[in-house]
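Novice: The structure is given below, and queries will be raised subsequently.
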Amino acid sequence: MAQHPAQIILLNGASSAGKSTLCRHLQAQLPQPFLYFALDLLLFDEGIIAKRPGVEAFEWSRQRPRLFDGYHRSLAAFAAADNHLIADYVLETKDTLADLARLLAPFDVFFVGVHCPVPELDRRERARGDRRIGDAREDYERVHTFSGYDFEVDSLGAPEDNAARIVAAWQARTGNGAFEKLSANPT
């Protein structure tokens, strides 16, 4: 089992699958305080990422690797300071998952897959208006291919009901979780 008291509930799913909404419902239902710390808080706040069109150092492709590395490390740092965390993510590669598993190995991680059918992802993505159209469909094709989960939900269900199901599964879990298995066998 994990060596550190901090607990992390990590949701993985395509963009627009409903992860952020589900995280807010989890916060409301969990029996102890959990911080919600998602990469979207960094990506979509206007003042976080400096942007200067046409200046190479400010291009997203140059900033992205450092931002993601910092986010991964910050999850571990927040947990090391005894904060319980809820985080949502779009795991794009097996290497990203392996990096998170390595960094979060000392902690109790409950890994949740959030599924949503493509037509609903497309509808939500268009309704949001803050994402590139097609990202959710691309995510759908890869995010659930790298690992098993401790629990899975279909986000067509009511978020408060899915949150209740996640909390119940989280409280009832026994033995090694998916992340613990990943960190023990990273290949």
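Cβ atoms here come from the backbone N, Cα and C positions, even for glycine.
The active site annotation in TrEMBL covers ASP40. Taken from TrEMBL, the feature ATP binding site covers GLY13, ALA14, SER15, SER16, ALA17, GLY18, LYS19, SER20.
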Novice: Would you list the other residues of this chain near ATP - those whose C-beta lies within 8 angstroms of the C-beta centroid of GLY13, ALA14, SER15, SER16, ALA17, GLY18, LYS19, SER20 - in sequence order?
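Specialist: Nearby residues not in the site list: ASP88, VAL90, VAL114, CYS116, LEU121, ARG124, ALA136, ASP139, SER155.
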Novice: Rank the binding-site residues SER15, SER20 by how many other Cβ atoms lie within 10 Å of each Cβ and give me the one with the fewest.
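Specialist: With the binding-site residues SER15, SER20, fewest surrounding Cβ atoms within 10 Å: SER20.
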Novice: In whole Å, how far is ASP40 (active site) from ALA14 (ATP binding site) when you measure between their Cα atoms?
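Specialist: Pair distance, Cα basis, whole Å: 13 Å.
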Novice: When a 10 Å sphere is centred on the Cβ of GLY13 (ATP binding site), how many other Cβ atoms does it contain?
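Specialist: Excluding its own Cβ, GLY13 (ATP binding site) sees 27 Cβ atoms within 10 Å.
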Novice: Test of understanding: give the count of other CB atoms lying within 10 angstroms of the CB of LYS19 (ATP binding site).
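Specialist: For LYS19 (ATP binding site), the 10 Å Cβ neighbour count is 26.
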Novice: Taking the Cβ of ALA14 (ATP binding site) as the centre, count every other Cβ atom within 10 Å, in any protein chain shown.
Specialist: 26
Novice: On the three-state reduction of DSSP, what should I expect for GLY13 (ATP binding site)?
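Specialist: DSSP call for GLY13 (ATP binding site): strand.
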Novice: Quick one: what's DSSP say for GLY18 (ATP binding site), helix, strand or coil?
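Specialist: SS state of GLY18 (ATP binding site) = coil.
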Novice: Return the residues near SER16 (ATP binding site) by Cβ distance under 8 Å, restricted to its own chain and a separation of at least 6 in sequence.
Specialist: CYS116, LEU121, ARG124, GLU125, ARG128, ARG131, ASP135, ALA136
Novice: Which residues in the same chain, at least 6 apart in sequence, have a Cβ under 8 Å from the Cβ of the residue listed as 'active site'?
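Specialist: Set apart from the residue listed as 'active site' by at least 6 residues yet with Cβ under 8 Å, we have SER20, ASP88.
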Novice: Using a 10 Å radius around its CB, how many other CB atoms surround ALA17 (ATP binding site)?
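Specialist: 29, counting other Cβ atoms within 10 Å of ALA17 (ATP binding site).
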Novice: Test of understanding: give the count of other CB atoms lying within 10 angstroms of the CB of GLY18 (ATP binding site).
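Specialist: Other Cβ atoms within 10 Å of GLY18 (ATP binding site): 25.
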